[in-house]
Amino acid sequence: CRSHRVRAAGEDIEDAAPLKVQGQSSGSVLPYVGVACLGAILFGYHLGVVNGALEYLAKDLGIAENTVIQGWIVSTVLAGAFVGSFTGGVLADKFGRTKTFILDAIPLSVGAFLCTTAQSVQAMIIGRLLTGIGIGISSAIVPLYISEISPTEIRGTLGTVNQLFICIGILVALVVGLPLSGNPSWWRTMFGLALIPSVLLAIGMAFSPESPRWLYQQGRISEAETSIKRLYGKEKVAEVMGDLEASARGSSEPDAGWLDLFSSRYRKVVSIGAAMFLLQQLAGINAVVYYSTAVFRSAGITSDVAASALVGAANVFGTTVASSLMDKQGRKSLLLISYTGMAASMMLLSLSFTWKVLTPYSGTLAVLGTVLYVLSFSLGAGPVPALLLPEIFASRIRAKAVALSLGVHWIMNFFIGLYFLSIVTKFGISTVYMGFALSCLVAVVYITGNVVETKGRSLEEIERELSPAI
């Protein structure tokens, strides 16, 4: 990607020392990234756990025939996540990143407990709402915290770990559901198991260092230095503090309010963040995963567990590959490769349902198209937005702007889940898949013209380019 040079606050961005913490000093960063990723595991687990448990909990709670209430039990978590994503941004700015994680453990734990012990539909829905709020907060602060503590040259790899652990959480939920067929009341244990990582997250964060960037913004200089020492070693304190000072020079602005996100200074970069999640959802990932079992049945794969495992394995594999390429290939190029692959896969899926010449192979092609789509998604469209957003947003708007972008994600997620089957019934699956393919191509055009490459650049350097001090 070409180098961007702009004047900001009277200096060239390359005059300020970028945060270049050497790879070998990142050893002590990894445990704290691991603790934060417990939030990502819970994110994936709570999204996935209801799929296997729904049939059994519906019988226990007397709603086996009521698909509307079952739908509410599934989707309430998305409504909670929408609220949580905004709450996470506010809490992270006010109390700091680590304290917000500790507070987040409360709805995650209480929600899991209510779901586990629920004897009524009301208790189950309240439990799902609370866990939704919890994973919404996690969705905002996990990538935020990881991006702010990660050394520049491995920030892409560590940021991708967030998406990888979400995928692992979904897979764990699938595996945990295997005893259900022999033990129908096992669904309560499935919800209860989520208590363990929730408690571990709170304990782990109580011993984790706060983001040096947040501490510096609060004027807590000595604490910022202590945090840097724990994360990178004492020999890096002067270098990192110098970078933070260079970023703040000529600007002693307070944290931004919500309306500041729409000011002329930040409007473009905030719109890019929102567009990343809008395009991600319009590309059809949730619809494809939701419909995958029906696609696999058409190919003779009758086991829902096998179908889900295949999709989940493709997701984990692709995300693992992406994590190794993120700091070599770059964020923007992976996004372009990803959306191009998704468009091609969607066209293959669409044609496999409509071209008569392909009818003998339609089942096989549908499975191939689904797996290739999920692989393509996990290479870029899946992991990159959550990594890219904390990188492109200025420090004073970072938490709120990430929260706003994630709010777009949850709204789109909710409405696609709500209306997908109705749209398929009206227009047919082939037409819907072709619509997703066009959305992917629109994404390629948008990303080419609007997204900047952030590989190998410090957060402060990116900030000085995209949101120069006025």
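For all residues, glycine too, the Cβ spot is worked out from N, Cα and C.
Residues or ranges marked as transmembrane segment in TrEMBL: 29-49, 69-92, 125-146, 158-180, 186-207, 269-293, 333-353, 365-389, 401-421, 427-447. The annotation domain 'Major facilitator superfamily (MFS) profile' is assigned in TrEMBL to 32-455.
Relative to the transmembrane segment (29-49), the listed stretch 125-146 leads the set 69-92, 125-146, 186-207, 427-447 in CB pairs under 8 A. Same-chain residues lying 6 or more positions outside the transmembrane segment (365-389) and placing a CB less than 8 Å from one of its CB atoms are 139, 142-143, 147, 155-156, 159-160, 162-164, 167, 273, 276-277, 279-280, 283, 285, 288-289, 292, 295-296, 298-299, 301, 310-311, 314-319, 321-323, 325-326, 331, 334-342, 344-346, 348-349, 351-353, 358, 401-402, 405, 443, 451, 454. Long-range contacts of the transmembrane segment (401-421) within the same chain, counting only residues at least 6 positions beyond its ends with a Cβ under 8 Å from a Cβ of the stretch, are 74-75, 78-79, 81-82, 85-90, 136, 139-140, 143-144, 258, 261, 266, 269-270, 273-274, 276-278, 280-282, 284, 286-287, 290-291, 385, 389-390, 393, 432. Most Cβ pairs within less than 8 Å of the transmembrane segment (186-207), among stretches 125-146, 269-293, 427-447, belong to 125-146.
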